Amino acid sequence: MPKRSDIQSVLVIGSGPIVIGQAAEFDYSGTQACRVLKAEGLRVILVNSNPATIMTDPEIADATYVEPITPEFVEKIIAKERPDALLPTLGGQTALNTAISMHDNGVLEKYGVELIGANVEAINKGEDRDLFKGVVEAVKEKIGYGESARSVICHSMDDVIAGVDTLGGYPVVVRPSFTMGGAGSGFAHDEEELRRIAGQGLTLSPTTEVLLEESILGWKEYELELMRDRNDNVVVVCSIENFDPMGVHTGDSITVAPAMTLTDREYQRLRDVGIAIIREVGVDTGGCNIQFAIDPTDGRVIVIEMNPRVSRSSALASKATGFPIAKIAAKLAVGYTLDEIPNDITEKTPASFEPTLDYVVVKAPRFAFEKFPSADSSLTTTMKSVGEAMAIGRNFTEALQKALRSLEKKGSQFAFTGPVGDKAELLAEAVRPTDGRINTVMQAIRAGATQEEVFDATKIDPWFVDQLFLIKEIADELASAERLDAGLIAEAKRHGFSDAQIGGIRGLREDVVREVRHALGIRPVYKTVDTCAAEFAAKTPYFYSSYDEESEVAPRTKPAVIILGSGPNRIGQGIEFDYSCVHASFALSDAGYETVMVNCNPETVSTDYDTSDRLYFEPLTLEDVLEIVHAESLAGPIAGVIVQLGGQTPLGLSQALKDNGVPVVGTSPEAIHAAEDRGAFGRVLAEAGLPAPKHGTATTFAEAKAIADEIGYPVLVRPSYVLGGRGMEIVYDETRLASYISESTEISPTRPVLVDRFLDDAIEIDVDALYDGTELYLGGVMEHIEEAGIHSGDSACALPPITLGGFDIKRLRASTEGIAKGVGVLGLINIQFALSGDILYVLEANPRASRTVPFTSKATAVPLAKAAARISLGATIAELRAEGLLPRTGDGGTLPLDAPISVKEAVMPWSRFRDIHGRGVDTVLGPEMRSTGEVMGIDSVFGTAYAKSQAGAYGPLPTAGRAFISVANRDKRSMIFPARELVAHGFELMATSGTAEVLKRNGINATVVRKQSEGTGPNGEKTIVQHIHDGEVDLIVNTPYGTGGRLDGYEIRTAAVARSVPCLTTVQALAAAVQGIDALNHGGVGVRSLQEHAEHLTAARD
């Protein structure tokens, strides 16, 4: 059945900001789908609030709305654009929930919009836990196996407590309906835990419903990815097995494709159940993902859940098999059937052929517990990882070791040196699933644990345990051999050992091992991911390395540019860097180069097989990159390697690559050092005559104390060379300085600690610019809403700046040019300034693409990353202006007066983390970056743009109700006017005694509320935290002070997170919110597409 002719335009809903559980994989699937639909001649309308995505680029859809993904805003877009259909299955849970609520409240019917890709009945059957139970029972009646875990549905805490007895006692699993990434779920071992987990679950579920289930801890966990069309063709795209048993969320588990430990009969059984379920649920134009548990003792199969949409696993399955699930789902949604869709990779086979794999894929999660030191690091059914790396090998051991190496984290690879630990202690530690459990298991094996002991402690399948023993045996052979011969090195390489690991075991430097290996002629070959185990020829070069026989890299004539990606997402280095890499690939391809992408992150657009001419799915380590450069140099000429776009990961390789004779283009490694190294950068500033805050470098506590005494407190303390502000802190007195140095840093002459004067009350400014060696193009000037001292990645900012004048911009332009010239930048540079009093201080400069590049590009309608890639390879700004890649005149510092105002807001993952006592993690922002993603609000005035950014990040600002205010003494004066505005808008104020007193003296009424530390009053008056928990507060303003009032504030802020009440922690944010509330109350908040904004800007420029 060919494409439907009754659909001319489609609205696609994206997934919004990157949060834990819903990350870059939805940008990847959404981008693919928009392209396919556009190629089919449909008008594509997209809504997504996340500016760091490729899908929100103006060329991907016909009309792109960077607006909050809420039913109210989506309705405005539908009213304006009048699409025929709505496709909600590509934007994760956010899109699905929004679509369902718009179906339920009649908006879709009112405007005659049809849901495609999944019908409401199918979505409900898949997502509603009770209905899904019915589906599984119906399947069991038909085919005789597959069942659900025993469970009860609860709508109140009383139901929950009673439910435990029905199931036969603890432990029980709590799962809320319609949430994602396991939000609000967990294992409860006693009543206290149950009350806490179920309480949060009832709050998070949009239907206030949780399911209690019997515990299946320790069972084996599997997933199947399936697709079905309306002719009832079903394909099983991929089977995935979790290395960790049940009890760890699949997003936090190491996973393997294809499944390794299923017998053929068990696999056929899972297939039968899966196919029966997709039919019973009624998914008939798209894909779904089904999770199973198998009891290792008797083979009982339990169906855990299904997602009737494109999911995190489908991105992994697409990258693992080369079968583009999202692309095919989009085609099915507009009426095609599987047998009509050709396979892009072979061009011979249709999509109804199931992919076959002649390799093994391993995904390993990347965590960020170091950012939340108080959080409980146990892995549970709530997802906590922030990113993932994927590796491909010819066998499991090779893929596993490559995946662990790809995580780029200290201690992520297996270590076979160092003292052997105590077996009993290590086994006891391995019982609790944590981030590095696989390494603990390896240490236990080193300490003499047997396979049975490891299985009893961890319940990890004996086959996997056996593979770990095999890796350990190879390490022992390496250690005991008299000399390193060719056979031994080749064997170690086939099991995934890196040169560094071999060197560690033999007591040699990594480069020495590499020399020996090359002298013996042992190098990897590159194999193709072809979907068909080499039965048909593959047309797309998508490679992985292996120590095998023949290489499949074809010769080429065009000069190649190798772009190094950013590896697994983490806090501080996310999708924004991937965005710049993808843009570089597009721009250089247009300019006649062959583009080669190197990356190992399965969630991203950069690792899509049609983003670049060639893709290497490999770890970003020096060894792996050098081998790729070698393989490509045999294939044809290399124009250079780009390291400045992928964040800190490739930047850290630049000097070593250059030392190995690799041509690094753009900013030179020496220039990178001049900006990153404190001393060298200080000299650049001195030559340009620019002030920086007073600072010093200390290698002992005595030195640090002396510097702090001279500069004066508060001071900012941090280790040198860091991304995302790791380990920074604002220190107010000497005792805290002493504890910071003893607790948190390895301090030594080679690893000094930097002590800076902390600029209180300064305005922080971010600048993105391009420099070609002679001319500067100012990309954009962003003014931060929060004051200096909050990491720029966590602060909201506005572009164009809202309070800076023409004179300030002139100074910023001159300073930026001075620094770019002094450092020697070719391409992008990002500089952070602080304006304190009348002095413009330089805080830091990064000679690379920054995380604000996508935001700046969208806000000013100029593709900065594309321009940067061209400049790295020799183009000048003047040439790019003539070509039309940059505006003919003016730049981001001279935007027209009526340019729209864009506000970027950071999104935090607070609700995911709890400490071991189950308390939340404090939400106060500081100099260490903790956000996982961002949203953008764009409108003609600041108030509305800010209100949109808040709605996109945390849910809409309240326009009336009760506001609670409690601020530090230093903020009391500046809080009076915004507080008076809130009253004018009809808010009722509540405040703690100190704040209420100041308000009253200024003629503002506020009800006094008890602090948490004062406890409940004699007549049962509630404390503020009780008011929040009881849902009696709509807005919270709470600024932290010192360390005394810290605890009260902490209780208030964590309660706000648990109940999802907007909580502002700075007076600046309150002032912005008041402008936003004002804009909302005066109604008429409209929506405009990026294309309309861009037309307006371009017209004003000419």
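Cβ atoms are placed via backbone N, Cα and C, with glycine included.
If you look up Swiss-Prot, you'll see Arg129, Arg175, Gly181, Gly182, Glu214, Ile216, Glu221, Gly247, Val248, His249, Gln291, Glu305 marked as ATP 1 binding site. When other Cβ atoms within 10 Å of the Cβ of Arg129 (ATP 1 binding site) are tallied across all protein chains shown, the result is 20. For the recorded site, Arg129 (ATP 1 binding site), the DSSP three-state label reads helix.
Cβ contacts within 10 Å of Gln291 (ATP 1 binding site), excluding its own Cβ and spanning all protein chains shown: 19. If you look up Swiss-Prot, you'll see Gln291, Glu305 marked as Mn(2+) 1 binding site, on the strength of sequence analysis.
Positions annotated as Mg(2+) 1 binding site by Swiss-Prot, on the basis of sequence analysis: Gln291, Glu305. According to its DSSP assignment, Gln291 (ATP 1 binding site) is in a strand.
Swiss-Prot lists Glu305, Asn307 with the feature Mn(2+) 2 binding site. Annotation for Asn307 (Mn(2+) 2 binding site): same-chain Cβ neighbours under 8 Å, separated by at least 6 residues, are Gly126, Glu127, Cys288, Asn289.
Long-range Cβ proximity for Glu305 (Mn(2+) 1 binding site), meaning a same-chain Cβ under 8 A and a gap of 6 or more residues, is found for Arg129, Phe132, Arg175, Ile290, Gln291. What Swiss-Prot records for Glu305, Asn307 is Mg(2+) 2 binding site, and it gives sequence analysis as the kind of evidence.
With a cut-off of 8 Å between CB atoms and residues at least 6 apart in sequence, the same chain places Phe681, Ile831, Gln832 near Glu844 (Mg(2+) 3 binding site), listed in sequence order. Annotation comment: Swiss-Prot describes Arg718, Arg757, Leu759, Glu764, Gly789, Ile790, His791, Ser792, Gln832, Glu844 as ATP 2 binding site, evidence class sequence analysis.
What Swiss-Prot records for Gln832, Glu844 is Mg(2+) 3 binding site. In the three-state DSSP assignment, the secondary structure recorded for Glu844 (Mg(2+) 3 binding site) is strand.
Under the heading Mn(2+) 3 binding site, Swiss-Prot lists Gln832, Glu844, citing sequence analysis as support. The Cβ neighbour count for Gln832 (ATP 2 binding site), using a 10 Å radius over every protein chain in view, is 19.
Residue environment of Asn846 (Mn(2+) 4 binding site) contains 21 other Cβ atoms, counted within 10 Å of its Cβ in all protein chains. As annotated by Swiss-Prot, Mn(2+) 4 binding site applies to Glu844, Asn846.
The annotation Mg(2+) 4 binding site is assigned in Swiss-Prot to Glu844, Asn846 on the grounds of sequence analysis.
For 137-334, the entry in Swiss-Prot reads domain 'ATP-grasp 1'.
Annotation comment: Swiss-Prot describes 682-873 as domain 'ATP-grasp 2', evidence class sequence analysis.
In the predicted model, residues of the domain 'MGS-like' (955-1100) average a pLDDT of 83. For 955-1100, the entry in Swiss-Prot reads domain 'MGS-like', with the evidence type sequence analysis.
Positions annotated as region 'Carboxyphosphate synthetic domain' by Swiss-Prot: 1-408.
Here Swiss-Prot flags 409-551 as region 'Oligomerization domain'.
The region 'Carbamoyl phosphate synthetic domain' annotation in Swiss-Prot covers 552-954 and rests on sequence analysis.
Ranking the binding-site residues Glu214, Glu221 by the number of CB atoms within 10 A of their own CB puts Glu221 at the top. Note: the CA-CA distance between Val248 (ATP 1 binding site) and Arg718 (ATP 2 binding site) rounds to 34 Å.
Summary for the binding-site residues Val248, Leu759: the Cβ-based neighbour count within 10 Å is maximal at Val248. Gln832 (ATP 2 binding site) carries a strand DSSP state (E or B). When Cα-Cα distances from Asn846 (Mn(2+) 4 binding site) are compared across the binding-site residues Glu214, Glu221, Arg718, Leu759, the shortest belongs to Arg718.
Counted with DSSP, the region 'Oligomerization domain' (409-551) comes out as 72 helix, 10 strand, 61 coil. For the pair Glu214 (ATP 1 binding site) and Leu759 (ATP 2 binding site), the C-alpha distance works out to 55 angstrom.
Between the CA atoms of Arg718 (ATP 2 binding site) and Glu221 (ATP 1 binding site) there is a gap of 42 Å, rounded to the nearest whole number. Counting every protein chain shown, the Cβ of Arg718 (ATP 2 binding site) has 20 other Cβ atoms within 10 Å. On a Cα basis, Leu759 (ATP 2 binding site) lies 52 Å away from Glu221 (ATP 1 binding site).
For the domain 'MGS-like' (955-1100), the DSSP-based tally of helix, strand and coil residues reads 74 helix, 21 strand, 51 coil.
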